[in-house]
Amino acid sequence: MATKLFLNALSSIKEIFVSKLVDFSLEKLGSSDLLQFATEKRVLEEIQNLEKELKQIRRVLDDAEERQMKEQQVKDWLIDLQNLAFDVEDVVDEFATEIDRRNLMMERRGSSSKRSRFNIPSFNDVLFNRGIMSKIRDLTAKLKDLEPQRSKLELRMTNCQRPTRLEERLQPTSLEIENHVYGRDKDKQTILDLILQSDDERNFVIPIVGMVGIGKTTLAQLVYNDASIQHHFHLKTWACVSDDFDVLRITKEILQSVTSEPCNDNDLNKVQEKLQKKLSGKKFLFVLDDVWNENYHDWTILQSPFKTRTQGSKIIVTTRNHGVSSTMAAKTLSGLLRTNVDLHAWEDILESEIWKLSKDYSSIIPALQLSYHHLPLHLKRCFMYCAIIPKGYEFEKEEIILLWKAQGFLQEARDKQCIHDLGHNYFDDLVSRSLLQMSVNNNSRFVMHDFINDLAQSVAGEVCFKMEDAVSFPRDEIEVTLPSSLSRLYIFDFPKLENLSSNSFRNLTSLQHLTIKNCPNLKTLPGNNMLSSLLELYILDCPMMAERCKRDKGPERSKIIHIPYVAIIDESN
């Protein structure tokens with residue numbers, strides 16, 4: 001019941017992101033390969049018209065993608081646009097496939113025929129040009145049909161400073177302590193030792209880092225209210241920072257707590273001067289709860305009044321982002337609520353009664369929502385794609401990076417080495433934000449916590465879908481579950497599966513990517529051209545299917561020969 005409530009609450013988080021799709025299509029439409037290929041004047045004109053329309057739409061996408069969380073009409077417009085963006089991507093892929101086909105034909109005919117090949121179009125060339133022109137013209141018209149709604153929504157043409165504000169939630173205070181907190185004695189004592197026994201300036205800031213819901217704030221409350229430190233400091237104060245890192249607001253909040261007087265001054269310099277005087281010669285303990293900001297300049301300004309502190313002063317920071325503690329140049333507390341926490345601790349959290357109480361979702365769900373909402377756009381797409389990862393599955397970094405690369409998520413890089421480095425940067429960033437975590441069993445592998453996995457699936461929506469741990473591929477269930485707009489399908493761990501029914505794939509007209517993994521008894525792929533829309537097929541650890549798809553003699557080979565990219569890997573052979 002708790003899991004069902006949790007998933008229902010997550011369902012509202014789904015966001016639509018089209019900007020990367022549009023960026024990718026614009027880059028390809030303007031590429032030298034395509035422009036050299038599209039020599040016919042009418043084809044080139046249609047490409048330019050489509051490109052012009054996409055550029056107009058791209059100028060408002062940043063604003064639309066920000067506003068969709070609050071405005072359903074904006075989200076509906078983005079959904080319509082996303083479907084068209086996938087169609088544009090299909091057209092771009094058709095160009096790429098045709099370019100490869102013609103280059104291959106020229107290579108087979110020899111270099112002597114290359115010059116005439118461009119001047120004398122074949123019958124197939126004429127047919128392709130006619131078909132592609134019709135598709136481009138139709139797409140351009142459909143994109144124009146979105147203009148009236150775009151104008152009605154008053155989408156801004158620039159990336160304006162309009163951060164989306166999520167629903168307000170009650171902020172934790174220093175007094176909110178659970179009646180009974182178990183399993184935190186060791187962690188609490190570790191922090192108390194750092195506070196009471198260490199005057200080392202390297203421990204001036206003590207970060208508590210970990211994913212949402214793990215109990216960072218509760219642990220900070222336990223420390224803050226412990227009897228052993230009540231007379232150790234001249235001053236104590238608690239400030240909830242959250243996603244709004246306003247230096248003036250935080251400074252005023254600290255000053256008001258220290259003086260017990262209201263502060264109506266909005267001059268940051270004056271407020272900080274007052275606070276600096278109050279802190280001069282004092283030993284203090286501050287708690288900054290739920291910190292997101294890792295901007296070095298902001299932190300430098302915030303800490304300016306603390307320079308007159310007495311040795312032994314401490315700041316405790318709770319954050320889900322390891323980059324925050326790095327920015328503050330603080331020593332991370334080893335083993336404390338990190339992503340590789342003890343397995344039993346995770347089990348205690350998972351089995352806790354707190355998840356069964358619906359009122360607690362009012363704090364957990366917004367926190368999860370914020371975790372996703374504050375990701376940069378490029379990380380949102382990468383994280384959303386991680387919805388394909390089965391719960392409990394331990395994966396290698398390279399495994400995920402290669403999938404991101406195949407989906408075009410690393411397009412910012414210009415060469416292979418840059419792509420590799422960029423993928424590692426993206427992956428490490430998700431780890432630092434506690435959205436991916438190192439396996440406790442193997443430090444070369446990673447996992448997603450079940451709640452984070454649920455979050456990824458909820459935001460993936462209809463774009464990405466997976467099935468796992470099933471013994472069959474029932475036609476009725478699939479037709480009800482899978483939307484016709486599905487573009488990627490992942491089938492994992494069907495040990496008894498023998499056939500993929502053609503009826504199950506009949507409505508999947510937008511399917512472009514299919515991965516089948518660990519289905520050892522699979523013998524038959526869908527027939528009757530049910531895989532005609534596929535651009536990529538991965539068959540992994542399916543020995544029987546690998547044998548039946550062999551070149552020349554495999555009985556299933558004819559069903560996949562048209563797919564531009566096919567990878568068949570059987571590690572057992």
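From the backbone N, Cα and C atoms, a Cβ is placed for every residue, glycine too.
Any TrEMBL annotation is an automated prediction that lacks curation.
The annotation coiled coil is assigned in TrEMBL to 40-74.
Residues or ranges marked as domain 'Disease resistance N-terminal' in TrEMBL: 22-114. Taken through DSSP, the domain 'Disease resistance N-terminal' (22-114) splits into 83 helix, 0 strand, 10 coil.
TrEMBL lists 186-331 with the feature domain 'NB-ARC'.
Across the residues of the domain 'Disease resistance protein winged helix' (388-456), the predicted structure has a mean pLDDT of 82. The domain 'Disease resistance protein winged helix' annotation in TrEMBL covers 388-456.
In the domain 'Disease resistance protein winged helix' (388-456), helix, strand and coil residues by DSSP number 35 helix, 7 strand, 27 coil. The DSSP breakdown of the domain 'NB-ARC' (186-331), given as helix, strand and coil counts, is 70 helix, 27 strand, 49 coil.
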